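I have placed the structure first, in the form of structure tokens, so that the comments after it can refer back to it.
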Amino acid sequence: MDHYDPQQTNDYMQPEEDWDRDLLLDPAWEKQQRKTFTAWCNSHLRKAGTQIENIEEDFRDGLKLMLLLEVISGERLAKPERGKMRVHKISNVNKALDFIASKGVKLVSIGAEEIVDGNVKMTLGMIWTIILRFAIQDISVEETSAKEGLLLWCQRKTAPYKNVNIQNFHISWKDGLGFCALIHRHRPELIDYGKLRKDDPLTNLNTAFDVAEKYLDIPKMLDAEDIVGTARPDEKAIMTYVSSFYHAFSGAQKAETAANRICKVLAVNQENEQLMEDYEKLASDLLEWIRRTIPWLENRAPENTMQAMQQKLEDFRDYRRLHKPPKVQEKCQLEINFNTLQTKLRLSNRPAFMPSEGKMVSDINNAWGGLEQAEKGYEEWLLNEIRRLERLDHLAEKFRQKASIHESWTDGKEAMLQQKDYETATLSEIKALLKKHEAFESDLAAHQDRVEQIAAIAQELNELDYYDSPSVNARCQKICDQWDNLGALTQKRREALERTEKLLETIDQLYLEYAKRAAPFNNWMEGAMEDLQDTFIVHTIEEIQGLTTAHEQFKATLPDADKERQAILGIHNEVSKIVQTYHVNMAGTNPYTTITPLEINGKWEHVRQLVPRRDQALMEEHARQQQNERLRKQFGAQANVIGPWIQTKMEEIGRISIEMHGTLEDQLNHLRQYEKSIVNYKPKIDQLEGDHQLIQEALIFDNKHTNYTMEHIRVGWEQLLTTIARTINEVENQILTRDAKGISQEQMNEFRASFNHFDRDHSGTLGPEEFKACLISLGYDIGNDAQKKTGMMDCEDFRACLISMGYNMGEAEFARIMSIVDPNRLGVVTFQAFIDFMSRETADTDTADQVMASFKILAGDKVRLHTLVSCISLISAFFFLLSLRESVKGSTLPWEGALKSPAQLSVRTLQPTLASKF
């Protein structure tokens, strides 16, 4: 940077002459220059451990300005003034300006006073002058000026990228793709250029600024929003920022070029060293191969066999065809490598290569000449030796063929004649061996002629002085000796087979008798063991007593069984005596049975051991059954008391829920006292649970002393507790309903009486038809047509009467009512649902006494039937009179007979009774 070219000064100062014309900076440009120049200064000042915040303020004292020039120039400036007076500041700034001027920079209209006074434009102009001198002036591409060189560099670097056209340092950079292209060109791993879009400049600019700051150590000198929001970004700010990219990448490129140059030199040296090593190794291997091969070619020792000589000829052909050609190629390659290496060393100005002693190219050529000399005559000698041996080989081959055929036939024959297979054979196998031996004797006689021919050929080879006569004679003698031995062994085997046949016939008879008696006895023992080990499952004392009786009967048969066992073992002992006397090797087993004496004794001993075990098991089971019987009786006695008690309590609760004694509060108190007495019964249930636990542990599954199981008791007890709790809850709900709806005790009793009357199964619920009849009995109109008020029951009226007795009625109205009282569609109506419904229906009506009092006021203490009928419907009056039946004290109502003839029923028939009543 200290070198300065005057010619470059003119080019360098050209932009500065425009500074006066740009004194009135555009505000947007000023903002961009302020940020860019501040960031550029800080990028250098941070090397000295400081920075600036306000470019026009922080340079006023000249201290940081001088420090900045020292950092970027690498030179020391004059010692600054440390005073805080204006004169000291002007002195420091002048020192800085003088230094700039000493570098050949012409400062136009920039004085120390303007800088000290904080003149923004002058300060920015001074910084721009510094940037031009120290950051841009040295940029030169193809002898162009600094600005043009930087522009040309940018154009070349971004040329391959689409949508990038760098023509200037302002609008060409607005879309951000130029910055991203510069980074991607040098560091493609930092930016995925393919994902960038020209219509998204903010993202492109921020991406480039962030990556440059994070990975390239280039501070963020620009704001993306300022560049995009300005029609023409500030050229000086863009140039300053772009110059940072140039210096960052050009420095890396120089380092890379130097590294590549060093690597290239090292690679050439390594290649030459490798060629030297390869030559030495290849020369050593080739000379070693020549040294080993020459003695082999000079060997003329004859072979005695045709095969050996043919192998030598084949080895020589393999040498000429397989082994020598690669070595010829290696020799040629060795010479090529040597010449190539010498050329490379000469071109690299290095000394010529001198191989180790004895490995020169001339040494290798001399050794190769000796190899060629040794090959001469070797093949001709091999062919002559082969023709000489061929004459003797034919006769020897004939001897070998006949000897091989005979030896192949005799192979295994001696072992076959000497084997003792008859000692372990059965009688049928012995007879088969005799027939097989007779066939072998016939075959032995047929091979007598071949043995004589082999002996004659061996004699002829001895007379012709065959080189391998000793082996021929030895083989012939072995064949003759073997033939004599085969004759002796054949006669010996026939005698042994005939003797063994007689012994086995006797043993076979004893085996058959043993098998006939051992099989049924073995079956008896197996059955006995199975019975003695059989797991018995009994549930009563009678069953275990029956098993004990059967076991005693079995023990009485054991003495006779032991006698039969000894007789069977006696037959087997007789066979053993014959085997020991005549030394018969009985490797086989009894062909008629697989039952051995050892197996019989083992099973018999097992039976004897099982008998006392069975006795003990029966005794233990008898004691266990006695204990189980005591548990059954104990549980049955308690269950027979608790079960009926639960049933009785359930019935009593049912009766209490139906009966109406006293007020609802009295019924509630009575039920709670009743519940307390039931809960106090819980200890007896717990005691029964304990007895049941003992029964389960004893695995008792039935009990003839009771029909109750613990599950029945549990279910009954839970139902009892549930029923009393539900009944108490119903009474409490009735009290709540009565108090909330203002229903009198008389109405509540009437509802209960009607509900109980139609609850024929005493289940506490009403079926649909029962509920329908109950409603009608209480005067509820369920018909779909208007009630006729004629004073007579016609067919339709009588139909309504029959419905009250359980017959069918209209379904539309009734379905509506059922949806109210049975919302869950269970098919039954509880008393609580019934009370809720009736309370809603009667909440706004008067009581019967109030109605009667009203009639008396209107009739003057006389209630007439036609007045009653005129106020309520005929059906309602009819059922109202029915409800008064009890008050008639058992008298016969004249209208009761009308039920037999519904068509004649009229109000007149009711008048006498009503008149007497009212």
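Here, residue 1 is simply the first one shown, and the rest follow in order.
Heads up, the Cβ atoms here are built off N, Cα and C, so glycines get one too.
No curator has checked TrEMBL annotations; they are predicted automatically.
The shown structure was predicted, so the numbers you read here are calculated from the model rather than taken from an experiment.
Checking TrEMBL for coiled coil across the ranges 153-180, 265-292, 517-544, 825-852 points to 265-292.
Per TrEMBL, the range carrying the annotation coiled coil out of 430-464, 780-814 is 430-464. Along the domain 'Calponin-homology (CH)' (144-250), the predicted structure has mean pLDDT 88.
Below 8 angstroms of C-beta separation, residues 327, 330-331, 333-334, 337-338, 340-341, 344-345, 348, 350, 353, 355-356, 358-359, 363-364, 367-368, 370-371 of the same chain, each at least six residues beyond the ends of the coiled coil (265-292), sit close to that stretch. Look at the domain 'Calponin-homology (CH)' (144-250): DSSP puts its residues at 66 helix, 0 strand, 41 coil.
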